[in-house]
């Protein structure tokens, strides 16, 4: 005899999960916008050098992590909305939630860590080479890197909470 199907989660839990998915997507979209528009022109000895986010490998990794995280968040948002509307959850979604939330949360966390690390290291290097103050465009470039990394960190926190809920859901199911 098959075990009875698990009872559906309360509506407040479903709304919380939906809100966390939306917040994850919003944080990732804002991080993508800030990071992808991040550039600076450095004028040195009469020549101008345009410096983009894509010139820093860690920022590229951040961008990749944010894009992959956003794709996952959008897919999960559709599944969450469909579950919310129908009241039924496909058994495959338990596995997708469980493994996907963990994998993507770690990807986003490492993207955030890479952004914080490279922003600090490169900013310290620029301070050592030239007198850098808070009005310098180079400082603003790294501040935008910090902002993007912070937003990735916030999205990681949302994904980590979702990961806990998906772990509990799969434990209840089994």
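Cβ atoms here come from the backbone N, Cα and C positions, even for glycine.
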Is residue 14 annotated in Swiss-Prot on the same side of the membrane as residue 52?
no
Tell me which of 40-60, 61-81 corresponds to the transmembrane segment entry in Swiss-Prot.
61-81
Counts of helix, strand and coil residues, the topological domain 'Extracellular' (36-60), according to DSSP
8 helix, 12 strand, 5 coil
Per DSSP, the topological domain 'Cytoplasmic' (82-150) contains 58 helix, 0 strand, 11 coil
Near the topological domain 'Extracellular' (36-60), which same-chain residues lie under 8 Å Cβ to Cβ, leaving out any that are not at least 6 residues past its ends?
114-115, 117-118, 122, 137-138, 140-141, 144-145, 148
Grab the pLDDT values for the topological domain 'Cytoplasmic' (1-14) and give me their mean, rounded.
67
